[in-house]
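*Asks:* Structure in structure tokens, see below.
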Amino acid sequence: MSSKSSSTTTMITTYSPSPTVKNRQPIIKDVDWARPDKRGFHQCRPAYLNTGTVNAASGSAYVEFGSTKVIVSVFGPRESKKASMYSDIGRLNCNVSYTTFATNFRGQGTENKEISSMLHKALEGAIILESFPKTTVDVLLWCWNPVAVSFLLCDLPVVISCASLALADAGIMMYDLVTSVSVSCLGSNLIIDPITEEETYQDGSLMITFMPSRHEVTQLTLTGEWSTPRIHEAMQLCMDACCKLGEIMRSCLKDAAASSES
Amino acid sequence: MEESQTSTIKISEVSYHDLCAFVNYLYTAEVNLVDDQRAEDLLAMGEKYQVKHLKAYCENFLRSKVSASNALKYLTFATKYKAEDLTEASLNVIIENMNKLKLQDEYKELVKKDPHLVIRIYDMVGLSAGEKHFIKGGIDQDLRSDGRKRLTYRPISIETGVIPQANGSARLRMGDTDVIATVKAEIGKPSHLHPNRGKVAIFVDCSAIASPVFEGRGGEELSTELSVALQRCLLGGKSGAGAGIDLLSLNVMEGKICWDLYIEGLVINADGNLLDALGAAIKAALSNTGIPKVNVAAEFSAEEQPEVDISDEDFLRFDTSSVPVVITLTKVGKHYIVDATSEEESHMSSAISVSINSRGQICGLTKRGGAGVDPSVVLDMISVAKHVSEHFIMKLDSEISAAEADEAVS
């Protein structure tokens with residue numbers, strides 16, 4: 001105990017409160033530029049997926065993509081709130097919360113509302129809402145990215161994929177798993193699955209949410225200036241990655257089902 | 001009656017297992033569609049006993065099962081039980097595989113048994129070049145409920161300078177949709193991340209005047225959706241590439257002073273296509289905007305904020321040539337329409353808003369509506385939007401200059 005307290009005191013003495021100003025890297029437009037985490041341009045971050053992390057929920061998933069961590073719990077289908085009107089199809093309620101300490105600026109802005117509505121739109125098309133009339137499914141989400149300055153869109157694909165994994169774990173009927181991948185356009189390069197640093201310098205981005213087996217796009221957003229052939233190229237790249245991510249998610253669900261049976 | 005005496009009703013046309021599943025559904029709202037046959041039987045029962053959820057559910061299930069080998073069977077089945085979605089799905093598959101299917105015995109049988117179904121198939125396929133031309137002509141001549149063609153906009157009228165307090169403002173009417181956009185410029189401090197750029201914030205307010213649905217917090221969701229979509233379209237990428245508004249031009253003194261633009265949109269009357277209307281109104285308001293000239297005091301120390309003198313007389317005009325327009329294509333059934341009225345929007349399955357600048361580059365894209373679409377459809381919609389934008393930009397530019405001229409006269 002005493003050694004521990006002495007170590008903390010030494011830490012205090014050596015601590016210098018200098019603000020961490022990162023060196024701003026120039027936007028390099030040549031081809032042989034390396035990504036900060038040494039990935040190839042068309043290589044996604046290493047992913048870790050797990051289901052059934054929250055006991056209280058009907059279904060849950062924990063996903064780690066690089067430094068982004070997301071936990072999703074799915075509750076329901078349960079009775080809709082009294083105030084809501086009768087509906088012969090089910091309702092989906094998405095709520096994204098971003099931990100207040102997750103970003104450099106403490107507190108939550110309006111971003112989580114935007115993210116919630118985007119998540120809702122991405123999932124809504126995949127869920128068979130007719131299968132639970134009069135009830136609500138709640139998708140509650142908690143996200144943490146230690147290096148983010150504010151909520152950046154680079155986390156959104158992770159959030160969406162994780163939410164669909166949790167829905168599948170909860171046994172909510174869906175037409176297909178929803179997978180999502182984004183690409184950033186940096187100069188003349190297209191880089192897949194950008195991290196925060198890269199996203200700060202990007203010229204444009206494209207995010208797709210995709211149902212691999214049905215080959216359908218549920219959401220698509222694009223920023224920056226693009227020509228049509230380039231959009232085509234980026235979409236192909238994203239869809240290819242989505243299909244691969246879909247397979248990984250499927251095998252994760254199969255493993256979980258197999259281990260619960262045995 | 002026999003039933004009153006024996007107190008049993010015989011239901012002979014369904015199997016025991018199907019009936020069990022049906023009753024189970026009525027009590028628990030849960031159903032396990034073990035195979036296609038079960039789904040078909042339950043759909044038939046759903047139609048017979050008017051259990052709409054069950055029918056819709058089975059229909060959705062079967063829709064994904066339609067393939068070239070069973071499409072003809074499902075077409076007959078779906079028309080029999082009035083399952084519109086399934087009919088459409090099987091028709092789509094049939095049309096794609098028409099060449100193969102025509103040779104099958106099943107098809108020949110259908111011609112004998114159900115000629116009206118074959119007519120329905122032929123209604124959708126243009127087989128010969130002549131027929132193709134005829135159908136394409138029909139689409140080109142298509143009339144919407146208000147007499148428009150599929151890709152024409154409603155008449156647009158623009159008034160500029162409607163709000164004297166703002167630096168720039170415009171009111172735009174597109175049919176019954178009525179919006180006001182204002183631009184206010186304030187002196188601010190640039191963020192430390194981008195010391196040489198100004199800041200732009202876009203807000204949209206769906207007022208309760210437009211529709212009682214927007215009262216209280218009702219309009220909030222739509223407001224956020226619209227603001228985010230407009231931000232995406234006008235502000236470009238994180239590095240500032242492709243932005244409609246050049247943030248560097250808002251810089252007054254690097255790291256010290258810049259202009260903050262507050263762009264606000266107000267919806268007065270909502271009759272569909274709000275995003276396109278707001279985008280166009282903002283473009284008009286920006287071209288109406290005069291930003292005062294600023295003189296910065298010559299002497300100041302490094303820490304202090306320099307004194308500024310804002311001129312009342314000299315204004316700088318804003319260059320809006322690179323501000324993109326937003327084109328929303330709404331997908332109704334198999335076709336796309338532009339400038340949907342709220343009536344038409346209620347039928348939409350999904351819509352794509354593409355913002356395009358005068359050079360024909362795509363500056364932003366948002367998909368609205370949850371339903372999934374095929375990637376090739378998305379690309380097709382983008383190219384259609386690009387085509388539409390050329391006319392729209394020209395029309396909008398002439399309207400804006402006419403409005404400016406009117407304002408100068410009055």
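Yeah, the Cβs are placed from backbone N, Cα and C, and that goes for glycine too.
TrEMBL feature annotations, pasted as is:
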- A:1-20: compositional bias 'Low complexity' (COMPBIAS)
- A:43-172: domain 'Exoribonuclease phosphorolytic' (DOMAIN)
- A:176-237: domain 'Exoribonuclease phosphorolytic' (DOMAIN)
- A:1-23: region 'Disordered' (REGION)
*Asks:* When DSSP states are grouped into helix, strand and coil, how many residues of the domain 'Exoribonuclease phosphorolytic' (A:43-172) land in each?
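*Replies:* Summed over the domain 'Exoribonuclease phosphorolytic' (A:43-172), the classes give 34 helix, 43 strand, 53 coil.
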*Asks:* Across the domain 'Exoribonuclease phosphorolytic' (A:176-237), what are the DSSP residue counts per state (helix, strand, coil)?
*Replies:* 16 helix, 31 strand, 15 coil
*Asks:* The domain 'Exoribonuclease phosphorolytic' (A:43-172): mean pLDDT?
*Replies:* 80
